[in-house]
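What Swiss-Prot says about this protein:
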{"type": "MOTIF", "residues": "35-51", "note": "motif 'Nuclear localization signal'"}
{"type": "MOTIF", "residues": "178-181", "note": "motif 'Nuclear localization signal'"}
{"type": "COMPBIAS", "residues": "187-205", "note": "compositional bias 'Basic and acidic residues'"}
{"type": "REGION", "residues": "187-208", "note": "region 'Disordered'"}
{"type": "DOMAIN", "residues": "281-459", "note": "domain 'Helicase ATP-binding'"}
{"type": "BINDING", "residues": "Asp294, Glu295, Met296, Gly297, Leu298, Gly299, Lys300, Thr301", "note": "ATP binding site"}
{"type": "MOTIF", "residues": "410-413", "note": "motif 'DEGH box'"}
{"type": "DOMAIN", "residues": "614-767", "note": "domain 'Helicase C-terminal'"}
Amino acid sequence: MIQQPTTAKPRISTSSKLNTVLSKNKENVPGKLFKKFKCPSLVISEKRKELPLRKKPRVNYSEYGSVDGKYDSAYVSENVSGLATIKEANRLILNHERRDPSTVIKKQFSVPKPIKGHEDISKLCAHRPPPTLGMKRKVDFIPRPLYDPADEFAIVLYDPTTDADEIIPDIKEVLAEKRKKDELLKNRKGKKEISDSEPESDHDSCVSTDTVASCSTEQSLITSNTSKHRRPNKSLKDLLGIQKEKPPPPPVAVVIDPKLARILRPHQIEGVKFLYKCVTGRIDRCANGCIMADEMGLGKTLQCIALLWTLLKQSPQAGKPTIEKAIITCPSSLVKNWANELVKWLGKDAITPFILDGKSSKQELIMALQQWASVHGRQVTRPVLIASYETLRSYVEHLNNAEIGMLLCDEGHRLKNSDSLTFTALDKLNVQRRVILSGTPIQNDLSEYFSLLNFANPGLLGSRQEFRKNYEIPILKGRDADGTEKDKENGDAKLAELAKIVNRFIIRRTNDILSKYLPVKYEHVVFCNLSEFQLSLYKHFITSPEINKILRGTGSQPLKAIGLLKKICNHPDLLNLTEDLEGCEALFPPGFIPRELRGRDRNIDSSLSGKMLVLERMLYQIKQETDDKIVLISNYTSTLDLFEQLCRARGYKALRLDGTMNVNKRQRLVDTFNDPEKDAFVFLLSSKAGGCGINLIGANRLILFDPDWNPAADQQALARVWRDGQKKDCFVYRFIATGTIEEKIFQRQSHKQSLSSCVVDEAQDVERHFSLDNLRQLFQLNDHTVCETHETYKCKRCRDGKQFIRAPAMLYGDTSTWNHFTNPTLDRIEDHLLKREAGKQQVSTVFQYKSH
């Protein structure tokens, strides 16, 4: 072919180009113009050539979709020949075949092997679970308890392996069941009133059941007919085989925090286990309350803190607490003490309590309470609310809608009156778990005991009228010394029946347990004779026309007369003699000036009172011969004024705590007195203001100067020094004016304690010493006796005023079992202060109790 020269290049068609190529390579053209297409490769640049070779072989995926099947094996780059075999290359080929979804879901994910040189990273991340990728199921962790129940010193409150039958119920479910039952009863009563045909029976329930069943059958037929015309579509969970409702996780053990387990004593461990069983409903599904009635000094506070901490942190469901919030209510003097106890036993940063101490304004307090009541879950930063009974009663309306996990009532005998405002207000709180702390659940009568039980577990003993009819009246008749033998048998039967019901929800231990952990305690009831001046004033008053009116039943102020007699027994300076006792001027001793006429001369004359003279001698001997400290307690602040004058006149440094002191300052005052480096010698304490819950272990001697009508108040006051932390032997003295109204009060206390020991302590051998008729003789003076109380005992160990047989076994609540010493035999008593009173006129008789 000859090309003609032209000025313009002619346009050549595509077909002509193809013919030209074929003509040049005619010898290489096959029979068919069909050859597998191969993508042209890009030109490798110089920079590309300088890069290092690939570490992993290249894989050819071209066999997918091939026809001739010549490319079944993987393509391996020549540059890495020898580094990977055909078998290894084939393993890298991806499989695009369709797989069964169930197989994909069930297949376990395997973590890729670590890169060479980075094995340490895999070791660091070994504790982490593999990442969730694609269709992998969620990792199900094995439920585990918060603390190891298999530890050597572990204290297990709930063990799923042994307590599996005792399933802890959910309070919400129990309440729902109660509501359903109540609604069912209401519906049945309504049907009965409307129908008025047949009495209520099982037939009514059967009819209602059949009606409901027929309605449900018709509804199911309608649903089935309509469902025939619908496509039976399945949900994604059904298609993937995912369960709609997972089975509940297995329960885990509940274990006391090891830091608390190390310090709990055996009786305290028993107490915590009892409390946990009660509040979790393992004793009775419908009763979640209980009473901790241990005597003072056994560690009720620590036991309740262990319970509270366990409920806030653990439950049989792993990772979930039993409760979110709790309230601690107590006397105002103990609010700060409870906060300190939480820090003492749990640690500084373990828990942050919400303390209502009166420092905030009313509006700020209301806002804080509303916020505390509304938060839930992780928003709860202050789970424990601590408030006094009065404060909680005032602001209870702002907590009515709050879900409170537990209510803990310290010194719970404040709830002894079910008609009081405090009882009514606290009973409105939305809380089922109620724990009452009271070392003296029976203070005056069984009605108060019923109030405490009814608050802890409402409805357990029926209504108050039912309790009084079924239990209180028969038991009191059986305890009366004038009762018949039949009354005693009936009372014992009712007492056993009541104890069977109540003992499931009350735990009571006596101070005898403390003998293992505390020093010896000597407790004495010291009967002191009146001075000549006191005796004349006492006789003058009980023979006055005012007392005669009271004895005839026409007097209008018997309580005032009782108060005047008690003040005469303490010291004449407590009275305004010219006004309170008309015509007593002739009885004044030579040189005596009444208190209201002395002016600034306020020095006290101890010789005018038998009890005050004994007190002055004791203080002097303690100060001169020992380094002990002493606590002086009285029911009257005016008596504390006399103590203060006496200490000031003798140069004794004294601290005073009464109802006038700010609550925030009380704990600082107690800490100052307990500090051994401080030089305070006497602590003056009002039993009304600080007789409950205050620890005065800095002193090892205590004098209760006058008795209270309520034996619980005296028992609380007497327990201030013999407590945990005490290092010295303790000496406790109770002063009683011989033959006076104070001895009548003491006898009445003995009767109440005898009743308490029968109901609470289950003591069967407490003798019926007193008749109720004898206890009404309050305005009589027996000035010819050394101890009227001892005469009522008919003690077989004493003859002619002397004890020939020492007490074989002393019961703390029964002074008839104590050692008895009259004044001539005081030289044989262990106490060196009382031993020196032998031969003197002031002390007539002493009852002695020794702890161990």
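Each Cβ is built from the backbone N, Cα and C atoms, and glycine gets one as well.
The structure, with features from Swiss-Prot marked on it.
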{"residue": "Asp294", "record": "ATP binding site", "contacts (Cβ under 8 Å, 6+ apart)": "Gly271, Lys300, Gly439, Ile507, Arg508, Arg509"}
{"residue": "Glu295", "record": "ATP binding site", "contacts (Cβ under 8 Å, 6+ apart)": "Gly439, Arg508, Arg509, Thr510, Asn511, Gln715, Ala719, Tyr812"}
{"residue": "Met296", "record": "ATP binding site", "contacts (Cβ under 8 Å, 6+ apart)": "Gly439, Asn511, Gln715, Gln716, Ala719, Arg723"}
{"residue": "Gly297", "record": "ATP binding site", "contacts (Cβ under 8 Å, 6+ apart)": "Asn511, Leu514, Leu518, Ala719, Trp722, Arg723, Asp724"}
{"residue": "Leu298", "record": "ATP binding site", "contacts (Cβ under 8 Å, 6+ apart)": "His267, Gln268, Arg509, Asn511, Ile513, Leu514"}
{"residue": "Gly299", "record": "ATP binding site", "contacts (Cβ under 8 Å, 6+ apart)": "Arg265, Gln268, Gly271, Asp724"}
{"residue": "Thr301", "record": "ATP binding site", "contacts (Cβ under 8 Å, 6+ apart)": "Trp338, Glu341, Asp410, Leu437"}
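For the motif 'DEGH box' (410-413), the DSSP-based tally of helix, strand and coil residues reads 2 helix, 0 strand, 2 coil. Classification of Lys300 (ATP binding site) by DSSP places it within a helix. If you average pLDDT over the domain 'Helicase C-terminal' (614-767) in this model, you get 83. Lys300 (ATP binding site) has a Cβ environment of 24 other Cβ atoms inside 10 Å. Mapped onto three states, the DSSP output places Glu295 (ATP binding site) in coil. Same-chain residues with CB within 8 A of the center of the Asp294, Glu295, Met296, Gly297, Leu298, Gly299, Lys300, Thr301 CB atoms, the ATP site residues themselves not counted, are Gly439.
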